[in-house]
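Reviewing the structure listed below.
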Amino acid sequence: MTSYGLANPEMKRNIWLELTPNRLVVTPLVLGAIFFLAWLTADDYLEFMGYLRHISLMLFCLMVFVWGSKLVSESVVSEVNDRTWDFQRMTALGPADMTLGKLVGSAICPWYGAGFCAAAYILSALCLPDTVRHMKLLLVILFSGILCHALVLAMTLMGIRKNRGREKINSSFYLVIIIGLLFFSAPLISLFNKEEMLIRWYTGVFSPPDFMIFTSAFFLCWSVLGVYRAMRTELQIVNGPWVWTLFLVTLMLYASGLTANDDTLSFPDRLMLSLILSYGIGITLTYITAFSEPKDIVDFRRLADKVAKTQWREAGKLMPLWAISLILSVMLCAATTFFSLTLEIDTLPDEQQLTTPFYFNLLCFLLRDLGLLIYVNLKGRSDRADIAAMLYLMILYLLIPAIITVSGAESLLPVFVPTFDGGLLTGTLPVCIQLVFIIVLVQKRWAAGGLGVAGGPHGR
């Protein structure tokens, strides 16, 4: 049974550790001094409210996105580095209690300060024009803050699974990734000023602020659920494949909705574009999860044993996330190839340059890269093997194509990278040969039993 508030031992522990009397007093005093300084520099009441709105929002973002994300990540990393995480995993706390305690309790002090900033922002928004729009902006940033914390915690838990106590973990890596994502997504806030712009999503028409609220809430719910499932895995509780499958399907439906109501495209074009978007999402998440998860030959052999015994239920529980994404990508590849051959597509941009074998070639390149990743991981440590595999892929996708392009032999590009104009002989045949070659290498290393890989038993 999940405990909330002070009934949650993990939450209570974090509150006692983070909300010290000194912080409870100093935080509002410092914020009040900053707001008072804004009042002193303003010439009139409205100018002060404008200053207050911008300053409070900036402080809110600093506290939640930077300070809060750092504390959330370190809430687990510090315990792993201090060798106390295993003791906490053996307590009676369930995954929901641990998730709530780490996600909310560890960042309770930044949220305490952010509460004062939010109150100041709401006060200024009520006193200035466009109150509703500014309140929607605060809601989006609030959802984004929780989303950021959930992503940091999920990435930290996945990093712990790959490291599994071999060396100390540095939380700065995950924090830099999240801040980088926020930096590139920050320009989306400018959409709040484009009230005349309308976003069509399936049969609905949304203003940019409303659609951003919907989008942030959508990803927030899935990120929190992802943290919960990652915590279940840390507590040695097996997850099934269906939640990840549902996430993939809903993400594809979300992306497809942006083109489903485009009046400038015919129905075959909209269908084809939705399939291409979904296919791209499947391939992208296959790569991300393949590099994020541990790849242990023991886990692979356990999964192969369940499949050989046709124990599909147990095999589904052991199936890694990248395998689920790969299966869905294969299905989408078949659907995309089929409809590209049967539908009359007239208005897709640059459609003439997109040959039907491209979709199959893309899948073959994906399988080749996964084979290379598994081959390298069956030899050495998971973290170093992933880095080595990434370097090999950079050579294949960047260095060699650059040499070919500079040499003026562009006709050889489909051999190393999937190109839109790659045909059966120039694109499909070469990548299939590479795929067969890497399969033979993986099979030989598999038969040799590998050399052991970190990761340990884990479930989905």
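Cβ coordinates are placed from backbone N, Cα and C, and glycine is handled just like the others.
Taken from TrEMBL, the feature transmembrane segment applies to 21-42 (among others).
Through the fold, the transmembrane segment (48-68) approaches residues 31, 34-35, 38-39, 41-42, 107, 110-111, 113-114, 117-118, 120-121, 123-125, 127-128, 134, 137-138, 141, 144-145, 148-149, 175, 178-179, 182 of its own chain, all at least 6 residues removed from its boundaries and within a Cβ separation under 8 Å. According to TrEMBL, the transmembrane segment annotation covers 48-68 (among others).
The transmembrane segment annotation in TrEMBL covers 103-125 (among others).
Residues 57, 60-61, 64-65, 68-69, 72-73, 75-77, 80, 85, 99, 102-103, 107, 114, 118, 121-122, 125, 169, 171, 173-175, 177-178, 181-182, 189, 192, 209, 212-213, 216-217, 219-220, 223-224, 226-227, 230-231, 233-234, 292-293 of the same chain, all 6+ positions outside the transmembrane segment (137-160), place their C-beta atoms under 8 angstroms from a C-beta of that stretch. Sequence annotations record features per position, and here TrEMBL assigns transmembrane segment to 137-160 (among others).
The transmembrane segment feature in TrEMBL is assigned to 172-191 (among others).
With a cut-off of 8 Å between Cβ atoms, the residues of this chain six or more beyond the transmembrane segment (211-230) that come close are 95-96, 99, 103, 136, 139-140, 143-144, 146-147, 150-151, 153-154, 157-158, 188, 191-192, 199, 201, 239, 243, 247, 250-251, 254. The transmembrane segment annotation in TrEMBL covers 211-230 (among others).
According to TrEMBL, the feature transmembrane segment maps to 242-260 (among others). Long-range contacts of the transmembrane segment (242-260) within the same chain: residues 199-202, 215, 218, 222, 225-226, 229, 270, 273-274, 277-278, 281-282, 285, 321, 324-325, 328, 460, each at least 6 residues beyond the stretch ends and with a Cβ under 8 Å from a Cβ of the stretch.
Summarising the annotation, TrEMBL assigns transmembrane segment to 272-292 (among others).
Summarising the annotation, TrEMBL assigns transmembrane segment to 318-338 (among others).
According to TrEMBL, the feature transmembrane segment maps to 358-378 (among others).
The transmembrane segment feature in TrEMBL is assigned to 390-417 (among others).
With a cut-off of 8 Å between Cβ atoms, the residues of this chain six or more beyond the transmembrane segment (423-442) that come close are 355, 357-358, 360-361, 364-365, 367-368, 371-372, 374-375, 378, 411, 414-415. Annotation source TrEMBL lists transmembrane segment at 423-442 (among others).
Proximity of distant same-chain residues to the transmembrane segment (390-417), defined by a Cβ-Cβ separation under 8 Å and at least 6 residues beyond the stretch ends, is recorded for 291, 361, 365, 369, 372, 376, 423, 426-427, 430-431. When Cβ-Cβ distances below 8 Å are used as the criterion, the transmembrane segment (272-292) is approached by residues 155, 158, 162, 248, 251-252, 255-256, 259-260, 265, 320-322, 325-326, 328-329, 332-333, 335-336, 339-340, 343, 345, 348, 359, 362-363, 366, 369-370, 373, 386, 389-390 of the same chain, each at least six residues removed from its ends.
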